[in-house]
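Database features (TrEMBL):
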- 1-22: region 'Disordered' (REGION)
- 38-62: transmembrane segment (TRANSMEM)
- 244-265: transmembrane segment (TRANSMEM)
- 271-289: transmembrane segment (TRANSMEM)
- 327-348: transmembrane segment (TRANSMEM)
- 373-398: transmembrane segment (TRANSMEM)
- 460-491: transmembrane segment (TRANSMEM)
- 511-535: transmembrane segment (TRANSMEM)
- 613-634: transmembrane segment (TRANSMEM)
- 650-670: transmembrane segment (TRANSMEM)
Amino acid sequence: MTDKGEQRPDTHSEGEKYGAPRAYDPHFRGPVVNRSCTDVLCCVIFILFIMAYILLGLAAWVNGDPRRVAYPTDSQGYFCGQKGTPNENKSILFYFNLLTCTSPSVVVNLQCPTTQICVSKCPERFLTYMEIQFKYKNDSKYWTYYSQFCRTTFLKPVETLSQVLLDNDCPSAIYPSKPFLQRCFPDFSTKNGTLTVGNKTVFDDGSGKTRNAAELRRAANGINKALDARAIGVKVFEDYATTWYWILIGLTIAMLLSWMFVMLLRFTAGLLFWIFTFGVIGIIAYGIWRCYLEYSRLQEHPGSQLNVYTIGIQTDISMYFRLKQTWFALMVILCLLELFIILMLIFLRDRIRISIALLKEGSKAIGYIPSTLIYPALTFFFLSVCISYWAVVALYLATSGAPIYKVIAPQGRCEHENKTCDPVGFNSTEIAKACPGAQCHFAFYGGKSLYHQYITTFQLLNLFVFLWLINFVIALGQCALAGAFASYYWALKKPDDIPPYPLFTAFGRAIRYHTGSLAFGSLILAIIQMFRLILEYMDKRLQKAQSNISKFLKCCLRCCFWCLEKAVKFLNRNAYVMMAIYGKNFCKSARDAFNLLMRNILKIAVMDRVTDFVLILGKILVAGCIGVLAFLLFTKRLPVIIEGPTSLNYYWVPLLTVIVGSYIIAHGFFSVYAMCIETIFICFCEDLERNDGSTEKPYFITPTLHGILNKKQLVPQKQKK
């Protein structure tokens, strides 16, 4: 009973078994100031991992060589175009027989089973080795031109074709090519609808066989599209150069719209929600009416006696829509759905009103602490640093070591295929005799040292620490924002009692006292994400060898890990809120948050759905408004109001950039808003359990929220609405 004899509201009837409410502390006035470091052991482990990560980056930097990615590598493992080497003036990779390559990915990865050498330019004409042997007698210039595509230098073409092919000294034929990605690829073109290479549809492959351009195209499938992509890339760059300032203006407007939307939610949250809700009810009602009309029409149709059992199983789905049973079933389902929604609105109307009021309160909180809207930029910076460091370390690890050569057979029928080999004198080895046509080509970079043996392990470590750091950065942002918004909620006189620089103070507390706890929570999430990535990798590697049972188990595991990740993210986020308020370690904060949420489970369900709807609607609204304006501008439909760019190759390039950029900006603003709502909701539930509205235990909620709850009147407070 309260001091006026009123019955105190039951605030935990929804989940009383999940622990008793926290004992009242008469001196509690917001986030605890006097704290101690939490989860110190995890903090030490986290710091050790970061130090190991830095050492790994240094080791990769010492042993790696990114030039191995920048420069193409010939069959001997030498770079094309590298200064200070014999290939300095030979920057393009040439393939002796591109017809042996099975796919473009094989070509780009330098695993095509044909000899590859560095050349200064690509062939510009059709020539075969046998042609050269005849033409050389009359004009030596032919051989001078052809010999630049040979691996070794000959004074004249005296060797037979079979000997040349056996020793891999020269290609059997060359054909017009163009450089792309520093590699020679066929110069495809279309003439009167027919695919050609150098204006020819058929050509001699040098071994006496006549080939057509389609065969060469299949051997390098997709390369022509890539060549076209280069021209498209140039045009896209021109469009960006023309419209970059318009894009910046559009993104700036998106930022202002996002800010205005968040600020105006205190006035429009309820309106948006009820418009959407009654819109859904109206759409479902229209569906019921439509189903009834179709049912009535088919009832009068001569073939109305047909049913599902009569027509059986049909592959044409439209057949079922000719049955009155189908429309009747749909009408019943829609009626039940309509009834369910109406009943939920009736029985949960108070909780919906609370959710809408909390949305409005969140808008006020951000208005009092505007610095929180800038914090996503800091998070983006930290994430960019983590992603860049991970990518650089992965690149250096991938290019560590000395050249490793593998046996490659053109037909893939050699028992020694993929074995390590030495290109020097390979043709005289037993492998060359056992597998005619096999070649010893450069495969990748590696070594036999301890470092090189654990390259794969280091890559996994690189990925794991990357995931840990990414989750830690996100957790740090959530904890800092939660501390700032908790300072707002627990201020008795808003905004007078809000401490100065609440975001900066909360960020400092999170770093100083709770690094270990944040690392603990992000570690759990990183482990789950690592398992998901390993599962996806195994699925890709074993895709062809999977049975129906293994596919079913794979889907189950995917679903379980996905659900587990979502649940852990939700629990972590609320644990960080409790941590920002009370300064406890991760496990205690997670336990308190879980118990509190379970005692208010219905409020959570309604709050999440209402918040999700409003935020999604806001993102779509911001991106849509900017997208419409950008479309009118880039398609020259606003010449009277404003003169846009006059010449664009593809107007959709800047248009999509503006739309996607606007959505990302809106997401950044609304992520702060979502964290604000979640923090205020946690504090709201805590407030109801701690206090009763008396003089000794006043509520910290605003009068608006208090009036919705129909609690006893607040002790008079000077609060600004």
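A Cβ is built for glycine as well, from the same backbone N, Cα and C atoms used for every other residue.
Listed as Cβ neighbours of the transmembrane segment (373-398) (distance under 8 Å, sequence separation of 6 or more from its ends, same chain) are residues 53, 56-57, 60-61, 63-66, 69, 259, 262, 366, 445, 455, 458-459, 462-463, 466, 469-470, 473-474, 476-477, 480-481, 503, 668-669, 671-672. Contacts between the transmembrane segment (244-265) and the transmembrane segment (460-491): absent, as fewer than 3 C-beta pairs lie under 8 angstroms at sequence separation of six or more. Using a cut-off of 8 Å between Cβ atoms, the transmembrane segment (613-634) and the transmembrane segment (327-348) share fewer than three residue pairs, counting only pairs 6 or more apart in sequence. For the transmembrane segment (327-348), the residues of the chain that approach it from at least six positions outside its boundaries are 277, 280-281, 284-285, 287-288, 291-292, 294-295, 298, 321, 602, 606, judged by C-beta separation under 8 angstroms.
Contact between the transmembrane segment (511-535) and the transmembrane segment (271-289) is not supported, since fewer than 3 Cβ pairs fall under 8 Å when only residues 6 or more apart in sequence are counted. Residues 235-236, 239-240, 243, 246-247, 250-251, 254-255, 257-259, 261-262, 373, 376-377, 380, 615, 618-619, 622-623, 626-627, 630-631, 634-635 of the same chain lie 6+ residues outside the transmembrane segment (650-670) yet bring a C-beta within less than 8 angstroms of a C-beta in it. Sequence-distant neighbours of the transmembrane segment (38-62) (same chain, 6+ residues past either end, Cβ-Cβ under 8 Å): 389, 392-393, 396-397, 400, 451, 458, 461-462, 465, 468-469, 472, 513-517, 519-520, 523, 579, 583-586.
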